[in-house]
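Feature annotations, reproduced from TrEMBL:
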type	residues	note
TRANSMEM	36-54	transmembrane segment
DOMAIN	46-454	domain 'Cation/H+ exchanger transmembrane'
TRANSMEM	66-86	transmembrane segment
TRANSMEM	98-118	transmembrane segment
TRANSMEM	130-153	transmembrane segment
TRANSMEM	165-186	transmembrane segment
TRANSMEM	193-214	transmembrane segment
TRANSMEM	234-254	transmembrane segment
TRANSMEM	266-281	transmembrane segment
TRANSMEM	287-305	transmembrane segment
TRANSMEM	325-343	transmembrane segment
TRANSMEM	349-374	transmembrane segment
TRANSMEM	432-454	transmembrane segment
């Protein structure tokens with residue numbers, strides 16, 4: 001199957017009609033869509049049932065994401081033996097790549113990113129923000145440099161020969177998506193410091209990796225390193241600024257229109273704003289993922305103050321379910337594609353699995369040591385147990401949590417044609433195959449062993465932190481950065497406010 005084959009143009013006004021992409025009739029297109037939706041929906045139903053059985057059986061070593069991959073692989077196997085190379089395969093592989101690429105980019109990722117920012121425990125995030133920033137920014141940069149150098153050092157054993165391609169691959173596989181790990185963390189109620197460090201690092205890490213990747217991917221051959229260094233902060237801060245500005249606009253609309261009075265309209269507004277933000281950012285040349293992330297963080301803080309408690313709960317529930325469905329779709333696509341991995345992709349993917357571990361270690365352990373030194377000097381007057389040191393147990397689990405996911409897949413599919421020009425024919429296809437393999441392998445090895453290693457290292461489990469209590473409230477004095485936001489924070493509405501229409 002060519003899900004990991006031909007690329008697609010990411011700019012919507014350059015997209016050609018399907019009739020030009022694939023020389024086929026509307027009846028054939030309709031039959032193709034019907035069959036694929038039937039197959040994926042059927043496997044999704046089975047995956048949901050299997051996930052429920054795993055949950056009630058308390059099989060923490062088997063993450064639900066891995067179940068989705070398994071059913072996707074089953075579907076891929078069926079497709080392989082029924083249509084691979086046969087005359088019944090009436091659609092060009094390019095059409096499949098276009099369709100699945102747009103499902104991944106414009107349906108799955110926006111809601112996944114938005115939900116992660118919307119549900120962020122901001123008090124904990126702000127309390128550890130400096131240390132999260134250190135691990136995410138410095139750590140991701142170190143990881144990219146280490147992995148890229150290792151790719152070039154082992155270039156005789158795989159297909160990647162060009163230094164620019166090596167750095168692009170290092171960027172796309174440095175994007176961390178620990179969805180399976182965080183799911184296990186949530187079910188086991190792990191130490192809140194570990195949870196917020198892993199979750200926060202994954203959010204900022206994505207922004208850094210995406211920014212550097214896009215700058216490399218669109219870098220002209222005649223461009224200098226200085227131009228790229230200038231473009232990276234422009235893209236990063238421009239995308240973040242656009243997301244924050246749009247969030248302010250949406251919140252003002254909430255406040256002026258009083259749309260919060262209608263639960264259904266308010267929830268639909270929140271969901272649609274997610275896709276509008278993503279599409280607008282992509283259209284103006286910014287990063288849709290970074291824009292949606294910062295937009296959702298600010299929306300998650302201020303929008304609930306203009307909604308009733310029931311509306312906020314329902315909005316969070318719907319976003320969570322949509323995100324879960326999108327995650328399931330991505331992992332099923334991974335399972336389908338792994339069946340069709342080429343030999344070159346298998347070799348490159350195997351090397352990347354090893355190199356990522358080295359790069360992750362080079363990023364996590366030194367940055368955590370630096371964080372502990374800073375914590376020691378910042379909290380001199382505090383007892384050791386209240387300084388929230390990142391212990392070796394936390395560091396090991398942070399290294400263990402470096403799974404890859406949908407963002408890595410999207411970046412791999414967005415690689416430009418320059419990859420094939422500088423490295424040989426069909427290199428992009430092999431890189432995409434290797435990325436699919438990396439995602440599935442890490443999910444199998446690391447996603448399924450999270451609970452086991454948590455118990456082996458002896459981290460405390462089962463300590464549920466109340467929603468209104470932050471990590472600093474429970475273990476330290478309130479952080480000044482969090483208190484500094486009080487001036488800008490909207491006041492929560494009481495029942496009397498809603499009855500009298502005060503906004």
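Using the three backbone atoms N, Cα and C, a Cβ is placed for every residue, glycine included.
Recorded stretches compared: 36-54, 130-153, 193-214, 349-374, 432-454; the one with the most Cβ pairs under 8 Å to the transmembrane segment (165-186) is 193-214.
Panel annotation: around the transmembrane segment (432-454), residues 4-5, 60-63, 65-66, 69, 172-173, 180-181, 184-185, 188, 190, 331, 334-335, 337-338, 340-342, 344-346, 348-350, 352-353, 356, 396-397, 400-405, 408-409, 412-413, 415, 461 of the same chain, lying at least six beyond its termini, place a Cβ under 8 Å from a Cβ of the stretch. Only pairs six or more apart in sequence are counted, and the transmembrane segment (193-214) with the transmembrane segment (287-305) gives three or more Cβ pairs under 8 Å, enough to call it a contact.
When Cβ-Cβ distances under 8 Å to the transmembrane segment (287-305) are tallied for each of 36-54, 98-118, 325-343, 349-374, the top count falls to 98-118. Remark: the transmembrane segment (36-54) makes no contact with the transmembrane segment (98-118), by the rule of 3 or more CB pairs under 8 A.
Non-local neighbours of the transmembrane segment (66-86) in the same chain are 1, 39-40, 43-44, 46-47, 50-51, 54, 180, 327-328, 331-340, 440, 443-444, 447-448; each lies 6+ residues outside the stretch with a CB under 8 Å from one of its CB atoms.
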